[in-house]
Amino acid sequence: MRLIIREDPDAASAYIAKYIIDRIKAFAPTPEHPFVLGLPTGSSPVKIYKILVEKYKAGEISFENVVTFNMDEYIGIPREHPESYHTFMYKHFFSHVNVHPRNIHILNGNAPDLEAECVAYEASIKAHGGIDLFLGGIGPDGHIAFNEPGSSLASRTRVKTLAYDTILANSRFFGNDLEKVPKMALTVGVQTVLEAREVVIIITGAHKALALQRCIEGGVNHMWTLSSLQLHPHPMIVVDEDATLELQVKTVKYFKSIEKVASSQGFEQILPSTVRTGPRKEPVEPVPEAKEEPSILSPQPVTSTLLAAPATEYPVRSHTPELVPDRMGSRITAY
Amino acid sequence: MPSAIAASPRDRITKFTNCRLVKGDVLVEQDLWVSSATGRIVRSQELFYGAKAVPDETIDLGGRIISPGLIDVQMNGAFGFNFSQIPEDPLTYEKTLRQVNKSLVQTGVTSYLPTITSERREVYHYALPFLGPSKGSQVAEHGAESLGAHVEGPFLSPTKNGVHKVQNLITAHSFADLEDCYGASNLNPTPDPLTGIPRAPQIKMLTAAPELGSMTALIPDLTARGIVYSMGHTEASYEEASLAVSHGCTMITHLFNAMRPLHHRNPGVFGVLGRAESLPRPYFGIIADGIHLHPTSVKIAFNAHPDGFILVTDAMHLVGLPDGVYAWTNGEQIVKRGAKLVLQGAEDTIAGSSITLVECVNNFLCWSGASIPQALRAVTATPAAMLGLQGVKGSLESDADADLCVFSEEVGEAGGTRLVVDQVWKFGTKVFDRLE
């Protein structure tokens, strides 16, 4: 885990923006070998987008060969709705830079078959060779994307019902009318995020201090879905001073010293050199293994998969089996 | 036949960036996409995600202002051409009109109401068919576009005639009198010969004195045909003006000029801008040329009803010509001295102006302390709304016609801001660039 602490949200955002730009540049993406970037919406990343746009306009970075995947989208509001995440991304980022619309992937909350949309999204990520860098933010309850507290840490892209807290919080964008707030969303799963080669999270503000504390100092817990990041081989969390309010002084000092020592020794806290510089090999088409669906007779512990992260393949999200009522009599051994 | 091979319309999407858009009373930093194929402002987000389209060209305006193209609802002529004067060779009328449209667009005026003063009926019958709305033919190269003719007279008060010839002034008692004067085909919607869909009449706006004959009672007949009734050149009292408003009058032609002045015991036409009555307040035209009105009068009118404030030029065909004596209709002479135009022999009578619309905007900016978007609204969104064209003209919202002006700001002589027309776009195609 890398925890980067900066004075204020501006400095934290600037750090991440610079980091993303450096990563894309080092990657030297080409049309055949694009950089795959996962993107969030919300208030915390707005400043990051602003800096990225500035740097693009200053000619310091091009997004021509960048493929993007967004985290989530509401279900049932029009794509051009002012609060849709399509609109957010267009307004804050896509309309200002040269990401080609062909390279943009955002879940379609109006798809006729939402389940199929989710499966296709996962397949599309896989077909692009996986996500190189997933940028994210969190909610005050530690949720990443729309993976609300209690979401499975092995979850994949799926339909998600929003927590009441989230609906309440979002009602301010919908004229304070709870009826108008979408109750469901499509979101990437925790596992989808963890599969990215790198995950970068921005957390700013005192109201998120408790979430940061739970996710770093607490154990892996599905009530704070970001805590799953502890299982990722290469996560980075960038925070401002306010967000560290709930952390132990020891924790803060430790992470600050890591950064200080690393820079004094002349190496930055970035990815291992092979990942950083080596041209990515041809993405290997994963051979779908015939995996048995976990059942009540042969349960499959989720942690076994989690601990093996980054796993390269996972079963496509299992559908809830149809309820087929049987006769009670059939369960009783006849004497 | 070479003419049969139509040049394929270039479906070109242009994106303006690093610019400030005039939206309402504020300048918004936002990109703008226009299409030369549809001639409209593009719903860019929809096109981006839906058709996965990117602009063919991106223009960095370096922080300059984009405004909707300017609209002049009262313009008697320009560049030596008088809409009310039938040339000796009548066949040249249409040809000259085309030239005027091409020149006019370079001043930032992308659409206008060509205005005919009080004339004999033959003039209306001859000229109006040329001056009607352009009926959806979106050709950027044609330049400024007529939104329909404005007939200022001849149903005017003989005592408030201004430079209109008193002999030509008449009184209407029935709609047939109007049809006789202007020609029925110019007043009524006519079915399109090809599609059969009714087309708007040639006349879009009619200025008349409401107190004369049955004019007030005829207002609903006009508005039912999509014609804006505007009161002007009138002796109307406050009560008569209010009655006209209650009958559907939605506009006042050059407020203060050619009407009774504001009197504290009878506020006259100006009184209908007060909020006392339960009537809607009409729009009103203001000539901000520094000659027709004192700057303070302009400011008072603006503050009385900012949402109805429309700047007009009332420009004569002498715009851009040197000082001297020029022929006026009916054999009279007009004297041009700088921007001032007076009738020869009656030199205290103002005979229209020779000012461009952007100069009116700059005057208003200088006098009133209004913001740039407020001043531009008076020549874009407000006249469009008055004509019932909100969202089509005078707007930078998606699906509006892509008629645009790019302005840069200069510091004027008095230290205030002056707008300079840098570029003009008509239906998504650039038709003027100051720097080229």
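Note: Cβ is positioned from N, Cα and C throughout, glycine not excepted.
Automated prediction, rather than curation, is the source of TrEMBL annotations.
As written in TrEMBL, here are the features:
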type: ACT_SITE; residues: B:Asp314; note: active site, proton donor/acceptor
type: BINDING; residues: B:Glu152, B:His233, B:His254; note: Zn(2+) binding site
type: BINDING; residues: B:Val163, B:Asn257, B:Ala258, B:Arg265, B:His292, B:Ile350, B:Ala351, B:Gly352; note: substrate binding site
type: DOMAIN; residues: B:65-407; note: domain 'Amidohydrolase-related'
Integer Å distance between the CA atoms belonging to B:Glu152 (Zn(2+) binding site) and B:Ile350 (substrate binding site): 16
Secondary structure of B:Arg265 (substrate binding site) (DSSP, helix/strand/coil): coil
Candidates B:Glu152, B:His233, B:His254 (binding-site residues) with Cα within 10 Å of B:His292 (substrate binding site): B:His254
Cβ-Cβ neighbours of B:Arg265 (substrate binding site) (radius 10 Å): 5
B:Glu152, B:His233, B:Asp314 screened against B:Asn257 (substrate binding site), Cα within 10 Å - retained recorded positions: B:His233
Local backbone state of B:Asp314 (active site, proton donor/acceptor), from DSSP in three classes: coil
Sequence-distant neighbours of B:Glu152 (Zn(2+) binding site) in its chain (C-beta under 8 A, six or more apart): B:Gln74, B:Thr115, B:Ile116, B:Thr117, B:Ser118, B:His164, B:Thr207, B:Gly232, B:His233, B:Thr253
Least Cβ-crowded entry, counting other Cβ within 10 Å, from the binding-site residues listed as B:His254, B:His292: B:His292
Mean predicted confidence [pLDDT] for the domain 'Amidohydrolase-related' (B:65-407): 91
Candidate recorded positions B:Val163, B:Arg265, B:Asp314, B:Ala351, pick with smallest Cα gap to B:His254 (Zn(2+) binding site): B:Asp314
Number of other Cβ atoms within 10 Å of the Cβ of B:Ile350 (substrate binding site) across all protein chains: 19
Alpha-carbon distance [B:Asp314 (active site, proton donor/acceptor); B:Ala351 (substrate binding site)] in Å: 9
Env. residues of Zn(2+) site, Cβ within 8 Å of mean position of B:Glu152, B:His233, B:His254 Cβ: B:Gln74, B:Gly153, B:Leu156, B:Gly162, B:His164, B:Thr207, B:Ser230, B:Gly232, B:Thr253, B:Asn257, B:Ala258, B:Asp314
Fewest Cβ neighbours within 10 Å, where candidates are the binding-site residues B:Val163, B:Ala258, B:Ala351: B:Val163
C-alpha spacing of B:Arg265 (substrate binding site) relative to the residue listed as 'active site, proton donor/acceptor', in angstrom: 30
Least Cβ-crowded entry, counting other Cβ within 10 Å, from the recorded positions listed as B:Asn257, B:Asp314: B:Asn257
